[in-house]
């Protein structure tokens, strides 16, 4: 991968390594590859919608492209990069641990992911693809898809789920057992806290998804009737089970980005800790906790009674409180800093701005009376893309910008990286901001054609997506150029406020051969 430590043993290092840095690098490469495939599919969607009329010629094909785009981006791009990549690389370093708690389990949890991805790609090529959307609702996924594509998608989700659960157990035990004795819970860095809460949510919610899709599998193949109303089942059970996983999942995607933004704001300001760091920890815990009890706000239109809708509306609005605490704490941390024009500052400010917009549209959608009108329109699509495409993905870009030199030992071109930010910022906003208006005017999701009245919004969105794709290519060029340019990372301006910066410059193959005792932290008594 890079010039910071020599690999011995060729290919077997990548296949068999139990070193957290090697496995983290594999996760990054896998996430990049999946992200490129997912982005290509999103471009296909935007080209189809660029003007009225048909490009793909089949609604089933269009829906299977949407399904593949969602599953690739969620399970094979954001999660491997955030938790597998940044988590594997930085968590042991931030805890003063020599490696992960179960190094070989770590290796297994990575190699389950390419298997899962090949299965979901196979599903796209069987019987006109799996056109169910990533939610895989019955009866569309049972009677509506009699072929093998949905079965392949279910096996893919099983593989990805097992991988995530194994990784989550590993991260939890590492945080609990391998923490340096001088780092108490309240002194752990916020990135470690976000990863810890994230993996807790994974362990809590993924078995529920596994149960739901296993029941779906038996409904399809073994003549059971869990979700078939004609024989006493209820498709709403599936929706409740799926969204009990699906809502914590969106917090699983965004929480590590919160941690990255917290670390970046420390880096930028040179402060010892984030403003209100204990409050930030409680906000992370609150988001994780409340995120588990609001799942049915995805289901306002299925005929829930008024009391249930009132509860889920209120509970969903409560999540805005800890999220607001985080946003204002980041701003308070950045307040008073010496403003130096650099890519990291741009990414952090961009994240805070875009995530806040996504959060505000979320507060609107949490109202059940409004959501009944806006449900399954492009307003919802714009909301979750502002939180994920412009939140989690900007978090990944921020993490790469922050830790690139730390991980590789090379320095990227700062002006080029700033150009990537400007292009990406313009592109994603041009893509998703106009679609809010299309959604308010009643433009529904998951249709491959539309009336001419919506064409202005769609043309703007399609141009924006092309700008974003160009920005992505420029980003990859910047990273490759940093290797080719071979500008060695010599020193940093960073004020030392974490165990990872006690290492000499960039990172070598094995860190913390003996336990460090981190003396600038208040000791536990």
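Each residue, glycine too, has its Cβ placed from N, Cα and C.
What you see is a predicted model, and the numbers here were worked out from it, not measured in a lab.
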Correct range for transmembrane segment (source Swiss-Prot, candidates 25-45, 46-66)
25-45
With the transmembrane segment (387-407) as the reference, find which of 108-128, 241-261, 420-440 contributes the most Cβ pairs under 8 Å.
241-261
Which one of these stretches, 152-172, 317-337, 420-440, has the most C-beta pairs shorter than 8 Å to the transmembrane segment (190-210)?
152-172
For the transmembrane segment (241-261), could you work out the same-chain residues 6 or more beyond its ends whose Cβ comes under 8 Å from its Cβ atoms?
74, 78-79, 82-83, 86-87, 135-137, 189-195, 197-198, 201-202, 204-206, 208-209, 211-212, 215, 284, 287-288, 291-292, 294-299, 326, 330, 348, 351-352, 355, 384, 387-388, 391-392, 394-396, 398-399, 402
Other residues with Cβ within 8 Å of the Cβ centroid of 247, 297, 298 at the Cu cation site?
243, 246, 294, 295, 296, 299, 312, 316
Do any residues, 6 or more residues outside the transmembrane segment (71-91), come within under 8 Å Cβ-to-Cβ of it, and if so which ones?
20-21, 23-25, 27-28, 30-32, 34-35, 37-38, 41-42, 97, 100, 106, 109-110, 113, 116-117, 120, 134, 153, 156-157, 160, 164, 167, 171, 174-175, 191-192, 195, 198-199, 249, 252-253, 256-257, 260, 388, 392-393, 395-396, 399, 403, 407, 500
Hey, does the transmembrane segment (344-364) touch the transmembrane segment (25-45), meaning at least 3 C-beta pairs closer than 8 angstroms, sequence gap 6 or more?
no
